[in-house]
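*Asks:* My questions all concern the structure below.
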Amino acid sequence: SCFGYPLSIFFIIINEFCERFSYYGMRAVLVLYFKYFLQWDDNLSTAIYHTFVALCYLTPILGALIADSWLGKFKTIVSLSIVYTIGQVVMSVSSINDLTDHSRDGFPDNVSVHIALSMIGLILIALGTGGIKPCVSAFGGDQFEDDQEKQRSRFFSIFYLSINAGSLLSTIITPILRAQECGIHSKQRCYPLAFGVPAALMAISLFVFIVGSGMYKKVQPQGNIMIQVSKCIGFAIKNRFRHRSKQFPKREHWLDWASEKYDKRLIAQTKMVLKVLFLYIPLPMFWALFDQQGSRWTLQATTMDGNFGAIQIQPDQMQTVNPILIIIMVPVVDGVIYPLIKKCKINFTPLRKITVGMFLASLAFVAAALVQVQIDKTLPVFPAAGQSQIKIINLDTNNATVGFGSQLNSVNVMSMKSTDYMTFETSQLRSLTVTYGNKTTIKSVMLSEESRYTLGIKTNTMSVVAELLSDEVTSKPEEGNNLIRFINNFPDDINVTMGGTSFGILKPLSASNYSLFPGGRKDEIMASINSVPCSITSRAFGFGSAYTIVINGCSQDGLDILYSEDIPPNTVHMAWQIPQYFILTCAEVVFSVTGLEFSYSQAPSNMKAVLQAGWLLTVAVGNIIVLIVAGASKLSEQWAEYVLFAALLLAVCIIFAVMAYFYTYIDPNEIEAQLDEEEKKQVKKDQEVYEKQVEDDSQM
């Protein structure tokens, strides 16, 4: 022992820290991996993410059955941890771009291979993490003697602290690893490292757990109480169906129909458990909202500005707000809020706390919807089917007028300025008229639907020059990156580089292709004009923008350039997500902690595992609800989906409040004490009958 604790528990705590780091680290970057690496859209990424989470919370029932009925906790943890580690390694391998990038163009040539490996990895991870979930904490509790109740209680506190520590550190570190660039033939976001580190931590977790093997107290499997409860319920239903005729008298409770086969104690305990499980029915809706932190809220953060001054926050790092606030809010709520409510003589029962938690979660999604409305206002409008968009850049020192066909309006463009994109029906726009003073030119155009164009205009001594350039960008740059291209407004060829990226040699009035640059930074622009280098430091472009930079010439101050904004940067700051995270964390504190506490207080001592399985099942069902609602709603606006989820939870909250109002609290210990007393009386009565029988036999 060490400080009065079994030495073996330190191996278990280290094991749990590494395992939780592995799970939450992998999960933090998962939805962005789906979207940016596998190139799935938001809806499919969200659907697969929640399917995976649901599977992670369904498999604990399987793990508990294996541990209690077959292998025992130790062998179950080791076996499924091996499966878990293999799954993490497969996930890391699946994210290696060079695995199928035979053309070395930076994109996988066979995405199906990566998808197949990813799905295999996720299934193995779900089986592993879910399977060991109900075993590790119970295995730690088994290490203590009956007289070490105080140490056991403190162990569980340290155990859950290690869970939060692993979760917090991993959601900070793995997004940083993902944001790095790595690769053999081409540099990409480093998903292999972001998944590889969690895989390494899982391998360490398994190694540490096995090292402590000789110190563990290993309790042999003694049968699973869930199986007994299920058999009892099944027999009661079957027996009631057999005796459905009116000639059989009704019984006080439908479970009493199991009394022919099962003892009175098991039936009474099952009644208590079912009473609590009935209250669980509305709870999955809470988890349907709560677990969208890792999917919809993370995707929302990708369209926001993550610049916090000296620190650049990645979209998937915003999830760290939840564990940070949990660490702060749990002691505040327990030590300040609840005592204040008690002083106000308000009977804040556990079920009322759960109701408040559901209401707060609904409120958090209203806050998310309000943020989404503000984000939507900043998003560019791209051409729809049958439409095209044109932006004009006046590359001349004189003002110009541009007309769009005979029946459309004209627009004036100031010298060295650009317009916003203007939308036209593709079929109606066939020609453009450009006028500089008394010089006019008519340019025929053939536009494609759902495309953007830039019209560069300028005069020379003889005529008006108009160049229509095709813009290849019809969506906002992902992950806060910026797209940059250059137009040469110099009479000679120029060679342009920016931040180490070469744009090649540009002919007069020609444009380069767009190149991708990380957001929030400045880069040096270098142009070689007639073999004379000339440079200038660019402005900070923000996040998620696209710019056309016009090079007009070179002066003693450096390059003379003009910025034209093609797509505006993200302007809604990620800090605006903090209120919704704060409200949801408050909801979690009063809902989740209270829910487990209430369940344990209302269940018999040997039925805790059944309620734990039921609680985890509500999380799984909640994630399935996300799939159903998001798939069936067909809402085109994300803010509307947030409002829909908020409204659904509010409706469920009202239903739960009504159920809670009619719930009668019980004391399982008191009921079990009565059962003990009845059993003692029955034993005494049986003993007396036996003794009387013996006495009668002796007299004969």
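Each residue, glycine too, has its Cβ placed from N, Cα and C.
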*Asks:* Of the ranges 74-91, 524-541, 578-595, which one does TrEMBL list as transmembrane segment?
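*Replies:* My reading of TrEMBL: the transmembrane segment range is 74-91.
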*Asks:* Between the candidate ranges 6-26, 153-173, where does TrEMBL place the transmembrane segment annotation?
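*Replies:* Matching range for transmembrane segment: 153-173.
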*Asks:* For the transmembrane segment (153-173), could you work out the same-chain residues 6 or more beyond its ends whose Cβ comes under 8 Å from its Cβ atoms?
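*Replies:* Residues 5, 9, 12-14, 16-25, 28, 137, 140-141, 144, 197-198, 201, 316-317, 319-320, 323-324, 326-327.
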*Asks:* Assess whether the transmembrane segment (47-67) lies in contact with the transmembrane segment (193-216), where contact requires at least three Cβ pairs under 8 Å among residues 6 or more apart in sequence.
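*Replies:* As far as Cβ distances go (cut-off 8 Å, pairs 6 or more apart), the transmembrane segment (47-67) and the transmembrane segment (193-216) do not touch.
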